[in-house]
Amino acid sequence: MVSDDENIPELLHENGNDSDSDEEKWEEINYDEDENEVTDCLFCSSQFKSIEVAIQHLKSAHQFDLASQKQKFQMDFYGFIQMVNFIRFHGIANPKDLLSSDSQPLWTDEKYLKPVKDYETWLSYDFDDLHVSEEGENSSLLQTIKSLQEQLKVKDELLEQACRDMQTMRDSYKRLLTKSDAGPASKQSSENDERRSLKGAVGSVKIEDDSSYFETYSHFSIHHTMLSDEVRTASYRDAILKNPSAFCNKKVMDIGSGTGILSFFASQAGASTVYAVDQSDIIYHAMEIAQTNNIKNVEFLKGRLEDLQNMPFEKVDVIVSEFMGYFLFFEGMLDSVIYGRDNYLKPSGIILPNRCSISIVGYGCQERYDNFIRFFDNVYGYNMRCILKDILNEAHVEKCDGEFVLTKPNVICEVDLYKCDLSYSNFTYDFCLEVLADAEMTSIVGYFDTFFDLPDEKVFFSTSPAVTQTHWQQTVFYLPEPVRVKEGENITGKFICMRDKKDLRSLKIELHIFDKVLKYDLN
């Protein structure tokens, strides 16, 4: 029988001599590694035999006192690891790049706890033993105090500016909210008299009944669409900035100012004061934009122009407005420009733009007609042509391609903003369209042109389908059926436009063409 002791396997190198030999070899190996170990500088390619020498090099060559940094940022061993790995990760060569613009460390993310190099001698350094001298502590403390004082100074300046801005806003709001000294009865009577004088114009509508119109302009998407329309915005910019003689030291009123872009152009052109008028809530953002851009000479007046009382001016030298709607007259904003002209513009004053015109062309895009109008012939097997009557009675705003224009244009309405009255949208015109090519005519397309006839440089832009598209696009009056036309043929008819009496911002249109009377609503 074998004893338990005999079953125990013999330990290799169990005797004392072998063990002593291994320890000597281990110490020899460690000693050899320590002899060959070098420390790479954190900021340059220099190498050193010890970390202590490298620390002195950082201080003398790079003005980076590790002990002071430890004290300044209350850095522990983990913070030291993060700083080293941050330097290695980003290849920092200048100690100044370790801090943000407000002098805060950039290495505090936990991802910098992971080493970048396979072996980094700095990470084996006993950072907790790094001695911070009393002098260093005092110096670091003074630097911290100085940094905090500088931050407080900046914040104090910002606070003072904010206080000044708030006071400016208070003054503006106080003026906006100032009420008439007249009693309620006389005020109501005055308002009723004013509305009677505006009969047939959008100003005669009670503001609460007109609120939905202004609410649409409180949304940011519509302002993005208008501002990003380069034809529109650049044309106004050129008209204003390229005609400094019309704006220098002049009082300007911007009617329907929106985000204030036209007011800011006028300010840039040298206007003494710009009065930005708008009823929608976007005006509050326009005020903030002006403050952000340090524009001091724009005063904001919230309200519909026809309703504002106690204006801070008697007359202005210039009226600028982007009043144009689809087919020029939709939305009826020209009413407010006419009101501003008659009540606030000096006799020698300038209006931008000063004239506009509406044109029509024959149009034939069979693909669009089939996809939109004939679509209802068969919708998943169902005949839905019964709804075509209502669809054809609508004027549609679409992007039209100049390739499908079939006739020469015919100007059917011209508007002089110095002379027009509130009946501007009620007109009749006998048109004649000369056909340019044999084709199927599917619609009549309307568009407008805008003119800035100014003393220094004239500016013009068009919304024709033949030129660069704008956010106004074109207004399409679809025919009930396509009509074959031939080159050289003259298509005659009558175009009648009227303001919708039930909705003063909308239009009703009659088109007498091809022995038919076609009626359309633009609303």
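Positions of Cβ are set from backbone N, Cα and C atoms, glycine also.
Worth saying up front: this structure is predicted, and the values here are computed from it rather than measured.
Here is what TrEMBL records for this protein:
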type: REGION; residues: 1-25; note: region 'Disordered'
type: DOMAIN; residues: 71-115; note: domain 'Protein arginine N-methyltransferase 3-like C2H2 zinc finger'
type: REGION; residues: 180-201; note: region 'Disordered'
type: DOMAIN; residues: 249-357; note: domain 'Methyltransferase'
type: DOMAIN; residues: 366-511; note: domain 'Protein arginine N-methyltransferase'
- Task: By DSSP assignment, list the helix, strand and coil residue numbers for the domain 'Methyltransferase' (249-357), in that order.
- Result: 33 helix, 35 strand, 41 coil
- Query: Which residue counts does DSSP give the domain 'Protein arginine N-methyltransferase' (366-511) for helix, strand and coil?
  - Reply: 22 helix, 69 strand, 55 coil
- Reported in the order helix, strand, coil, what are the DSSP residue counts of the domain 'Protein arginine N-methyltransferase 3-like C2H2 zinc finger' (71-115)? 24 helix, 2 strand, 19 coil
